[in-house]
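Annotated ATP binding site per Swiss-Prot: Gly118, Thr119, His120, Gly121, Lys122, Thr123, Thr124, in sequence order, evidence recorded as sequence analysis.
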Amino acid sequence: MNAATKLPGELGPIHFVGIGGIGMSGIAEVLMTLGYQVQGSDAKRSKITDRLQTLGATIFEGQRAENIGEAGVVVISTAIKKGNPELEEARRRGLPVVRRAEMLAELMRLKSNVAIAGTHGKTTTTTMVATLLDAGGFDPTVINGGVIHAYGSNARAGAGEWMVVEADESDGSFNRLPATIAIVTNIDPEHMEHWGSFDALRKGFQDFVSNIPFYGLAVCCTDHPEVQSLVGRLTDRRVATFGFNAQADVRAINLRYENGVAHFDIALQGEAELNEGEVPVIEGCTLPMPGDHNVSNALAAVAVARHLGMKRAQIREALARFGGVSRRFTRVGEVDGVTIIDDYGHHPVEIAAVLKAARQATKGRVIAVHQPHRYSRLSSLFDDFCTCFNEADVVAIAEVYSAGEEPIPGASRDDLVAGLIAHGHRHARAVMDEGDLERLVREQARPGDMVVCLGAGTISAWANNLPERLTEKAA
């Protein structure tokens, strides 16, 4: 009997431990669409688990050994540790236990793939690639790290031959993904608790790109010095570069902003040789969101679209219709002329980029509210956090969202406030709770101002509740 070389059609129920996670849920949804029976557990129910249940998954609230039931295989994320009752029960029974990235890799082997990696911008870039391939008629399967507004989900199963996936570098598992086209947006020190050193992280990204087949393509942002250095080390594979710099194959030019909308042209410099030396230009492009970083992300998607044969007009129209992704500069409301934004940014590079985008989107003042995510991140990047809020007129820092970590001396909310002031910020303060945030906004915000809530923890709920809180008290 020949051994199976791809995911078998019959596995028995597939059990996900932590099915409500953004990465796990996308894989579960695609598996269900392919006809597999899916079940899973999470500590508590959520919109994500409710959606999966509506689609046909069996959902257990809480994690207990008996939840495994008749499962034939168990999928776990890196958040699931030894001692978890469901993991221990699966191993007691001798069931296959599969890491999330391993199951994603099995799905990817059924298709040709675009995998998007980078310290920042993965989710937005994944959404942009999906948007362009949709517009090009490719009908891609998509597994993303955020909810795509056009889908109402972080995943969809398409009938086409291409799959678009977000490749997470946080635990090194992205090197297991069999990418046909590999995108790298940027490389900054992050997730050092896994990598140990920046050199190890650099090596991880090089391995990710080097894994593409000989007929594949590496798509790299040469505006970022670490990525440009990576390009210099790549051999024997095709590379397309993108960015604002004059050497990029796909280059944004003539960029300006009007009412928070980016207007620009795209010079396809890498196609000059195919065009008798003339550089083709996609003129009159618009992207309905501010931020140079978002324009850069769009260039990565354009590089993929051109590689797959999409026409300039198709690309221009698709960019103009881009619907965005949840928690990436998401406008959650406006009260008395004050706009409230919810954003996932929690690394200093991301925070600086988001606040620059806020400046481009408003003529008023920018009020930043940040909840640091993990003591370890705040500690290791403390000086960067003290200087990344320069574009904000007012900075309010909430209590650190620990994500299960123990406090680290010198890396608290009050330490960061003191650090901001010491580094010259004119108006930095602590914010104690939602009520304090409401008082701050009433005290500081005027019509035309923008309140930007930043972080990967519970700050999103504060942002989404703020318009109603302000409206109720005003009534």
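Heads up, the Cβ atoms here are built off N, Cα and C, so glycines get one too.
Of all Cβ atoms in the shown protein chains, 31 besides its own fall within 10 Å of the Cβ of Thr124 (ATP binding site).
Around the Cβ of Lys122 (ATP binding site), 26 further Cβ atoms fall within 10 Å across all displayed protein chains. With a cut-off of 8 Å between CB atoms and residues at least 6 apart in sequence, the same chain places Asn144, Gly145, Gly146, Glu166, Val325, Arg328, Tyr344 near Thr123 (ATP binding site), listed in sequence order.
Neighbours of the ATP site: apart from Gly118, Thr119, His120, Gly121, Lys122, Thr123, Thr124, residues of the same chain with C-beta atoms within 8 angstroms of the site's C-beta centroid are Ile116, Thr125, Thr185, Asn186, Asn297.
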